[in-house]
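What TrEMBL lists as Ni(2+) binding site is B:H2. Taken from TrEMBL, the feature Zn(2+) binding site applies to B:C74, B:C77, B:C90, B:C93.
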Amino acid sequence: MQIDMKQPILDKNDRLAQENRALFAEKRVFVLDLLASPGSGKTSTILATIEALRDEFNIAVIEGDIASDVDAKRIGAQGIAAVQINTGGACHLESDMIRRAVDALDLDNLDLIIVENVGNLVCPTDFDLGEGAKVMILSVPEGDDKPLKYPGVFQASEAIILNKVDTMSVFNFDEKAFRDEVAQLNPKAPIFPIAATKGEGVDAWANWLRDRIHALQQA
Amino acid sequence: MHELGMVTGVVESVRQAAEANHADKVLKVSLSVGEMTEAIEDALTFAYEAITDNDPLFSGSKLDITMVPPKSRCVECGHEFTHDRFHVMCPECGGFADLIEGKELRIDSIEVDIPDENEE
């Protein structure tokens, strides 16, 4: 006998993600899911973003790592609430982990939660967390050909941050080739070249994020 | 490696559906997987075999995966077209397009054996 199921494989994750999304809409909190490779400068980019927006918004950070709390400590040292999730080997965050993490945060007094996903360009792209937007970081030393190797993450991201642009000449990074590849894969996504540790280019990225936060809060 | 987690969810969902229908054997599980997802067919099959090994409900069952190629609809001219992973602009007018197929991660159906009630 055949039984029709027509059920999403990630049914449980997707249902919890929708609950998260409804909760964040009700609380008027914009949640940013940040995807990138290990060592691309996720935490430095988060710190630069906090610096640009902390006078206007109340911000918290959820740090996803396989182990350790070094990132949460770096964020916490800046006086920003940081919750560490240790996935214990899992290669991505799931919506139930986000739900548990936000229980430790005061959603009524937050405007922005930045989720630093596990460093990985593959697995996190398939998992809805209930976020307002997925955004990725590619760092210059990773190479301009990454859109060809990891198309999924470039397509899942609403904006693309190109970090460490101050090292472009050292790594022979071809920015035009990179932009052409992204334009084919995801023509709607803006690209923000930044050097997070020097604060370069962060304003344009912060403006994009500010507009998204305002759009949610005025909805 | 996230295929293992996906298949764990599939097996649990199938088990619930099979038990709800009083089935004693799962024969086939049919999935649709979009080519625009990060799930790899071979890794799903490997995970399925690893997870269902030594599970009487699933022994001898087959995982049938239909890979769904990407298809988009142009937001400018309405043209619908299939494409590869890397070229998503409308071939007719060059406009932006919305993906309408290719992101599926879905359990379509299962085939099960249900013991005849008269024999019980």
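Keep in mind that glycine also has a Cβ here, set from the backbone N, Cα and C atoms.
Features recorded in TrEMBL, as mapped to the structure shown.
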residue: B:H2; record: Ni(2+) binding site; Cβ contacts under 8 Å, 6 or more apart: B:E38, B:A39
residue: B:C74; record: Zn(2+) binding site; Cβ contacts under 8 Å, 6 or more apart: B:E80, B:F81, B:C90, B:E92, B:C93, B:G95, B:F96, B:A97
residue: B:C77; record: Zn(2+) binding site; Cβ contacts under 8 Å, 6 or more apart: B:C90, B:E92, B:C93, B:G95
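Comparing the binding-site residues B:C90, B:C93 on other C-beta atoms within 10 angstroms of each C-beta gives the minimum for B:C93. In the three-state DSSP assignment, the secondary structure recorded for the residue listed as 'Ni(2+) binding site' is coil. Residues B:V75, B:E76, B:G78, B:H79, B:P91, B:E92, B:G94, B:G95, B:A97 surround the recorded Zn(2+) site, their Cβ atoms falling within 8 Å of the Cβ centroid of B:C74, B:C77, B:C90, B:C93, which are themselves excluded.
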